[in-house]
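Asker: Pasting in a structure now, in structure tokens, and then I'll have a few things to ask.
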Amino acid sequence: MATKPTESITILSLRKLSLGTAEPQVKEPKTFTVEDAVETIGFGRFHIALFLIMGSTGVVEAMEIMLIAVVSPVIRCEWQLENWQVALVTTMVFFGYMVFSILFGLLADRYGRWKILLISFLWGAYFSLLTSFAPSYVWFVFLRTMVGCGVSGHSQGLILKTEFLPTKYRGYMLPLSQVFWLAGSLLIIGLASVVIPTIGWRWLIRIASIPGIILIMAFKFIPESARFNVSTGNTQAAVATLEHIAKMNRSVMPEGKLVEPVLEKRGRFADLLDAKYLRTTLQIWVIWLGISFAYYGVILASAELLERDLVCGSKADSEVVVTGGDSGESQSPCYCHMFAPSDYRTMIISTIGEIALNPLNILGINFLGRRLSLSITMGCTALFFLLLNICTSSAGLIGFLFMLRALVAANFNTIYIYTAEVYPTTMRALGMGISGSLCRIGAMVAPFISQVLMSASILGALCLFSSVCVVCAISAFTLPIETKGRTLQQIK
């Protein structure tokens, strides 16, 4: 009888244990982020279409920017312009670019990348066409400034590509976008060699505006950024976009519900100067300014060297005295040396250099990292600026220009990728916009160095370009954040 209580207690204990384990477990619903969806869907047909359409914005931008270099000799003669007046055209284009880069970046973080990209293309195409009817130099400068304002919004195409690409593909696909810039540069130089001698520079501008008009119609195939949509609370639109991408790529969405925090504070300048990003932001600004200064310095300097034969410290005897009609013998230092076919060939060869280092640039970005790769190419750029001062043959000059164009293009590739990756979604467009805006200060100064100072002292101009590149190389090497293999941040 003494064992019964013990047996009863044992049974009771087992029942309690059984009841405890039988309680149903409440499973939390599965969730995923946009980053999870982008990585799960992977790379496919949508990204190829995105690459082709958004990459083509580089064709349009290159044609509008390079247009000044090939038209400068013509307008110099037609309107009897002095050196500073020719330089002012380029400066004002980049002044418009600088002002509107900030505005478009701010608006893109608040209202969407796609809308701002469309507006910028409509703006640029409209004023580009108007430029071809400019009756005077003043009107030409004003209308090209308006074109610069429109072109400044084209960087939203890069942001769209960055936000849709899986992490491991960004380091490969974004540098390949340089092919489109190269295509635009070659196209405008090729067109100039045929159109300017036959039907004139005004028709060149009209023809150059056609690709931008065509591209506007292709934008309907590209959706708004899913990362931007979730940051504004429009989760339904983000899900629809991701499902569309998965369908195009013949892939699947991750299981669960899309969950991202709604970010009320977006596109604030103060966030760029927050303690977390302050040093990065300041160094990025220095690098952008220096890269742009060097890039457009090379383009304009090559045109200047060819136009005036400023090689080995001697000027060509192409300076002519222009006699005013009714005003007597007023003299103007107007250069009427037009580009010869050989000059266009030299420009084409040096422009092709922009793609020459692309394979090495891609390897460097993906294996050495963004910071080290950029510091190496900036250091080499400084060296080749100094080598350009060596008295050499025409072939040697072309070789130096070829390498310089390759290096400055690699610099731009890397800093574009780094800037798009380092900032979170809430301020990515603004960070890119302000960086692009500040870099135009370098582009605004470059014409006065390449087209004015170089006429007085080639060595002085080249040493200045080289010194700026050294500063940028040091700044790139000491950047506090490496973005290689780093996922895009949604919030800061």
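Note that Cβ sites are derived from N, Cα and C of the backbone, with glycine treated the same way.
Reproduced below are the annotations present in TrEMBL:
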{"type": "TRANSMEM", "residues": "48-72", "note": "transmembrane segment"}
{"type": "DOMAIN", "residues": "50-484", "note": "domain 'Major facilitator superfamily (MFS) profile'"}
{"type": "TRANSMEM", "residues": "84-104", "note": "transmembrane segment"}
{"type": "TRANSMEM", "residues": "116-142", "note": "transmembrane segment"}
{"type": "TRANSMEM", "residues": "179-196", "note": "transmembrane segment"}
{"type": "TRANSMEM", "residues": "282-306", "note": "transmembrane segment"}
{"type": "TRANSMEM", "residues": "456-479", "note": "transmembrane segment"}
Asker: Between the transmembrane segment (48-72) and the transmembrane segment (282-306), are there at least three Cβ pairs closer than 8 Å, leaving out pairs fewer than 6 positions apart?
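Answerer: The transmembrane segment (282-306) and the transmembrane segment (48-72): touching, yes.
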Asker: At least three Cβ pairs under 8 Å linking the transmembrane segment (282-306) and the transmembrane segment (179-196), pairs spaced 6 or more in sequence?
Answerer: no
Asker: With Cβ-Cβ distances below 8 Å as the criterion, list the same-chain residues six or more beyond the ends of the transmembrane segment (84-104) that contact it, or say none.
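Answerer: 65, 68, 72, 75-76, 116, 120, 137, 140-142, 144-153, 155-156, 296, 300, 429-430, 433-434, 436-438, 440-441, 443-448, 450-452.
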Asker: I need to check the long-range neighbours of the transmembrane segment (179-196): which residues 6 or more away from its ends have a CB within less than 8 Å of a CB in the stretch?
Answerer: 55-63, 66-67, 70-71, 74, 203-204, 207-208, 211, 338-339, 341, 344, 347-348, 351-352, 354-355, 358, 409
Asker: At a C-beta cut-off of under 8 Å, are there same-chain residues at least 6 beyond the transmembrane segment (456-479) that contact it? List them, or none.
Answerer: 280, 283-284, 286-287, 290-291, 293-294, 297, 301, 310, 313, 370-372, 374-376, 378-379, 381-383, 385-386, 388-389, 411, 418, 442, 449-450
Asker: Please give the sequence-distant neighbours of the transmembrane segment (116-142): residues at least 6 beyond its ends with Cβ less than 8 Å from one of its Cβ atoms.
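Answerer: For the transmembrane segment (116-142), the far contacts come to 57, 60, 64, 75, 79, 81, 85, 88-89, 92, 100, 104, 107-108, 149-154, 156-157, 160, 202-203, 205-206, 208-209, 212-213, 215-216, 219, 429.
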Asker: Take the domain 'Major facilitator superfamily (MFS) profile' (50-484) and average the pLDDT across it for me.
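Answerer: In the predicted model, the domain 'Major facilitator superfamily (MFS) profile' (50-484) has a mean pLDDT of 83.
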